[in-house]
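These notes concern the structure reproduced below.
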Number of protein chains: 2
Amino acid sequence: MNSRQMVLATFIHNSGAHPGGWRYGADADQHDVDHYVRLAKTAERGKLHCYFSGDQQGLPMIKGRDAYAATDYAGKLEPTTLLAALAMVTSDIGLIGTVSTTYNEPYAVARRMASLDHITKGRAGWNVVTSAGNSEARNFGHDRLMDHDLRYERAEEFVDVVKALWDSWEDDAVLRDKASARYFDPARLRQLNHKGRFFNVAGPLNVGRPPQGHPVIVQAGGSGPGRALSARTADLVFTAQSSKDKAVAFYDDMKARAAAFGRNPAHMAVLPSVQLLVRSTEAEARAAQEELLHLIPDALAWATLQMQIGFDLSDYGPDDKMPDIPLTNGGQWVQQELVRMARAEDLTLGQLAKRATVSRASFSMAGTPEQVADMMEDWFRAGAADGFSLSPNYLPGGLEDFVDQVVPILQKRGLFRTEYQGDTLRDNLGIPRPAHAQMGHEPDLWA
Amino acid sequence: MNSRQMVLATFIHNSGAHPGGWRYGADADQHDVDHYVRLAKTAERGKLHCYFSGDQQGLPMIKGRDAYAATDYAGKLEPTTLLAALAMVTSDIGLIGTVSTTYNEPYAVARRMASLDHITKGRAGWNVVTSAGNSEARNFGHDRLMDHDLRYERAEEFVDVVKALWDSWEDDAVLRDKASARYFDPARLRQLNHKGRFFNVAGPLNVGRPPQGHPVIVQAGGSGPGRALSARTADLVFTAQSSKDKAVAFYDDMKARAAAFGRNPAHMAVLPSVQLLVRSTEAEARAAQEELLHLIPDALAWATLQMQIGFDLSDYGPDDKMPDIPLTNGGQWVQQELVRMARAEDLTLGQLAKRATVSRASFSMAGTPEQVADMMEDWFRAGAADGFSLSPNYLPGGLEDFVDQVVPILQKRGLFRTEYQGDTLRDNLGIPRPAHAQMGHEPDLWA
């Protein structure tokens, strides 16, 4: 079938996206690779386009010792090593990992992602983020977080340098010609000699051009600078949108921004994240939703709200309304979505805290498989989404329920494929392989 | 059997340690993970203790475009991602990767190695190096290489911070107690708040304590500062020694240095590297050795010598003798070994160039399986080695020959085990798991 179909990803968040998820689901050990192997195989069984592993470079800050102890945030596996392992137990699904531009060097990230693209044989993706926590800053020699806009300026240059490093080898640079004693063709390697505001990088990379040319670029920034970075560089845009109308507005804005950069908007897929809970009946779905909510300690909800709005609520109580707060230097999009939600729905801080803890400003729904499929079809046809990033509430059950109960309905409706259609993640997404950018100088290493 | 047995590792260098190796062996693709999968499985079939993947953060500098084109040095996979992939297709062998202390941050390395130790279920090792090339420096914003001794001072602090980060979680910090809503015990996490000459790192790590407590620490520095770092911190010491006598002297020096740091010298294994070529008869072995040598273009040999001694030989020819040269800022041990070899054996620069290209100052031998086993037994019993790091000349054949023809002889003589004896690399090496160092403060994240 040739009509447009959904792109589906799954965002694997520790033991589940719902803060009550780890107490609800199976006894998942976040330090055991087998937990993730099971999830990746399940996602591949469902023919999902990609498995997405998030990351931070430190512990997220949540005030209150008991609140913290109730979360599954403190420890888990690092994405690039985890995804390389998952490459060996899967064969088709894309493997996307978060690597920050804030405390890393572009040469190091370019080679790890290039290596991952070779190991996955063309299934790697890089989620480009900036690190937004003071606790992360303090693990890397800084007293506090870098300024928000400065972080994004650094990210822009970082992505450009990484892409140039991936292009520092032409596709056919490796010869392995034993007779002529030429392992590679030196004329097909290039130096960048990049000298920028943040980075000076000579190159060439010491890994050959990735199978996909460039691993798939993923971005999720919702602020102005974040949207600009996405529109210019991202192949996949992940976003948290609390309603279909807001998602349509975001979708239109992003497609227009991509076009303004001279890009084909169809080559950038916009995927709102959805937290889904699937049960055979509405009543069962509502009951499961209530049980999950019940499993979140109040202290954790309150601490999470403070973290997400970047504001100390010690002077307020759960029955108060949202005060006026200054723009955070952290994740501005999430902050503003929560403020907007509190005002629009006239929520108390206590109500908002539970909402913030559950959904992080993304769309959350509990229902039957048909209801969930209806919602997805509605958003998809309304121009709110090219597909979705599923954040299962609890793992592994939440993902298994989706794959076994919702995917078949989407397939029957012709909204989702029944088989992987290409060899690489780009093939499967229908996003073209970037041509090699001719650039730079022959390396002076052999001058 | 309870008597002392050899530790055996294999150092996998691109398509083979011999520069003619890629033209001699199978058509190995260094960007294809299957090349390394085959090697790791072969090494595990031979019950070797570890598979060792080297690394540089840039292209090695070799002058001369044709010389460069004749090498297999330019591109390959990055070790931490590669080893995570190999973890999934092996079950017992240790997986050691090089990660530099020079252009990385300790928090990032601590978490990647901790993650690898979880993924391998306790089989990870970290080869601690300093980056010794100007081409690497220029990929990370520096005009030239950091001073040799300064690099080692940074490495000392780097290793200490990484170990402290691994200890920032107690072993039993993860509770996953659903009933009490405690995923982990906050009292069992610690902040370092390290403020040193090179690094300020708060911690705690966002990965739980590695299964081995600390992944195995590997070091190969031969200079004074390099030996000091090894003696204080390394579980395994890899070294290039050109003769048994020199190996005995190095071995004694390292064991004495370890004891001077208050360590049990038996808990630090010293492994000289050996480049072995195994054939059924001596004549075949010599013929294969000649053929390999023939496959190295003269231009490559000359360029390699210049790189290894860190000196421009434009004013000299292959018939000249080694001039007096200043101490390099790069790898001083290799430089001095080559100068010593040239003087001791009265070699011309042309002869030295071939030797330098083949063996990098380590011991090289071609012979029958019995002869090779005799040499290894001789060194082992003479106190020159706790075992060996095998650098196969060509891959995969060179490793397969060793595993199939030499290992059975060593086993028959009782010099090498016939089965893996423990679950982790430390178990298999007979090196104790480090106790958790109680330290620091409870994190202020939840204050």
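Keep in mind that glycine also has a Cβ here, set from the backbone N, Cα and C atoms.
Curation does not apply to TrEMBL; its annotations are automatic.
Neighbour density for B:Thr98 (FMN binding site): within 10 A of its CB lie 21 other CB atoms from the protein chains shown. DSSP classifies B:Thr98 (FMN binding site) as strand under the three-state reduction. Per TrEMBL, FMN binding site is recorded for B:Asp55, B:Thr98, B:His148, B:Tyr152, B:Ser223.
Marked as domain 'Luciferase-like' by TrEMBL: B:27-384.
Annotation source TrEMBL lists region 'Disordered' at B:427-447.
For the FMN site, whose annotated binding residues are B:Asp55, B:Thr98, B:His148, B:Tyr152, B:Ser223, the maximal Cα to Cα separation is 19 Å. The average pLDDT for the domain 'Luciferase-like' (B:27-384) in the predicted structure is 92.
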